[in-house]
Amino acid sequence: MRYSYEVPTTPTAALDMTITTPTAAAPNMPRIALIAHDKKKDDMISLAAEYRAFLQGCALSATGTTGGRLINELGLSVERKHSGPVGGDLQIGSLLVDGLIDCVIFLRDPMTPQPHEPDINALVRACDVHNIPCATNVSTARLVLSQLMGVRSAV
Ligand SMILES: O=C(CO)COP(=O)(O)O
């Protein structure tokens, strides 16, 4: 099977290398990573729109393309890492291992092979190793975000 993602021959020209710096998280501010595969990006935008008011009060990190859409379409403030296929998942994993992520919303596409499957597995494994909630579908994401919202409004 051929993957649809092709590594560009001139990386700086073809890859969006605009990486944003970390959002300073206030104490008790939930730090959430948002990642979606291409066929799940519309779902991510709908989900984030639904929880936009809450997410505006969170420190958000995202892989490149997902982050770009969250910024451009919803006006959210997002620390944007590289795109997933070129290491963005690993960058999110690194934040997580350093204790800088409280929750991962990772809308994976189970129907499409990904060229960076090992990176995806590494991130999900890191969530399990470090006992970080990882929602991989919209229903679970709603449960996790609603729970975080409830905890936050109870503080
Ligand atoms: O590939 C991804 C996750 O594995 C997502 O990366 P993008 O947000 O850059 O599309």
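Quick reminder: no glycine exception, Cβ is built from N, Cα and C everywhere.
Annotation comment: TrEMBL describes Asp89 as active site, proton donor/acceptor. Taking Cβ-Cβ distances under 8 Å and a sequence gap of 6 or more within the same chain, the neighbours of Asp89 (active site, proton donor/acceptor) are Ile35, Thr63, His116, Asp119, Ile120, Ala122, Leu123. DSSP assigns Asp89 (active site, proton donor/acceptor) to a helix.
Here TrEMBL flags His37, Lys41, Thr63, Gly64, Thr65, Thr66, Ser83, Gly84, His116 as substrate binding site. The Cβ of His37 (substrate binding site) has 22 neighbouring Cβ atoms from other residues within 10 Å, across all protein chains displayed.
Averaged across the domain 'MGS-like' (24-155), pLDDT for the predicted model comes to 96. Taken from TrEMBL, the feature domain 'MGS-like' applies to 24-155.
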Coarse DSSP state, helix versus strand versus coil, of His37 (substrate binding site): coil
Cβ neighbour count within 10 Å of His116 (substrate binding site): 19
